[in-house]
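TrEMBL annotations:
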COMPBIAS  1-12  compositional bias 'Pro residues'
COMPBIAS  19-28  compositional bias 'Low complexity'
REGION    1-28  region 'Disordered'
REGION    295-326  region 'Disordered'
TRANSMEM  35-60  transmembrane segment
TRANSMEM  72-92  transmembrane segment
TRANSMEM  104-122  transmembrane segment
TRANSMEM  168-186  transmembrane segment
TRANSMEM  192-215  transmembrane segment
TRANSMEM  227-245  transmembrane segment
Amino acid sequence: SPSPSPSPSPPLHPRHPRIPSSPSSLSRPGPKQVAMSWLSACAGYVAPFFIVMSPILSYGDQALSMHRKKSSAGFSLDIPLIMLIASLFRIFYWPGARFDTSLLAQSLIMVGVQMLLLKIALDHRPAPSTKGGEASLPFAGAQQEGIFSAQRPYNFWQWRSPRPYWQFILYLLGALVVCELLLTAVPPIYSLYSIIIGYIGLSVEATLPIPQILANSQSRSCKGFRLSVLVAWLGGDAMKIFWFFTATTEIPVAFKVCGIFQAGCDCFLGIQYYLYGGGEGEDIVKEHPMEEGQWSSAYKPGVNRPHSRSLSPSRRPGLFSDSEVE
């Protein structure tokens, strides 16, 4: 029988052969992508160092200036209060969030810097009868009928004696330590607690520019607010936010949200400086005049009763008593 004819072999050289792609034909990143990659790499090295050193760079000059002049006139004691609360809360936020260690190091350094700043400010606090003696109170320059005219409960953070300031910081630290030890044993509650103190601490820090904004608005002037400080704040905000959104390490959402809010406040300060400049308005030192009752009412006859050292339940001093005299 005749054998079947062999099937035709495929052509050796097809009309449209498939040519393997060479490395040169692959898509390459464009100039914009290269620039962003380079900026991200630089921010990854520069931003953590800047963040860690920012407490010293921001407040070191202020501490040296008060120490040399032997006066803290014009310095708001609310600045150490705000930064100490924010930094302590961020430190205790770290065990639950495990964010980048450079942010933890910044908080630790900030606590030390603000404690030193508070010590210098209290040691060189001028008497209320002298010019600038209202500096122991926050938000000077605010009108008596303004938002800060209401007296604080128990004259909080307006005490004459330095002892209540350190007592408050010690009690706050002790409360945070106790909560940390007790709630660690209950993971669901501790997770919620960690988030709450993180947002509280970062929100408190984000409010730092607000007193200056209100003081500038009331006086229609930025006199006393240095341009170098504003530039440092804006530059730091730009670097910090860029790093928050490009970092390869863990950055919680709370840092990003509060960082954006603080950057917005600093930008508003920049707009105020552009509109008002260093005008000839009243010199703003971020505090309001000290109320008479805190210092001079003790010398008004018929107003105060004689001081008693009785520690009976009805006459016992409060938690942060201000009865001591420096």
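Quick reminder: no glycine exception, Cβ is built from N, Cα and C everywhere.
Per-stretch counts of Cβ pairs under 8 Å to the transmembrane segment (192-215) identify 72-92 as the leading one among 72-92, 104-122, 168-186, 227-245.
Counting only same-chain residues 6+ beyond the ends of the transmembrane segment (104-122), those with a CB under 8 A from a CB of the stretch are 51-56, 59-60, 62-63, 66-67, 72, 75, 77, 79-80, 83-84, 87-88, 90-91, 94, 135-136, 162, 165, 169.
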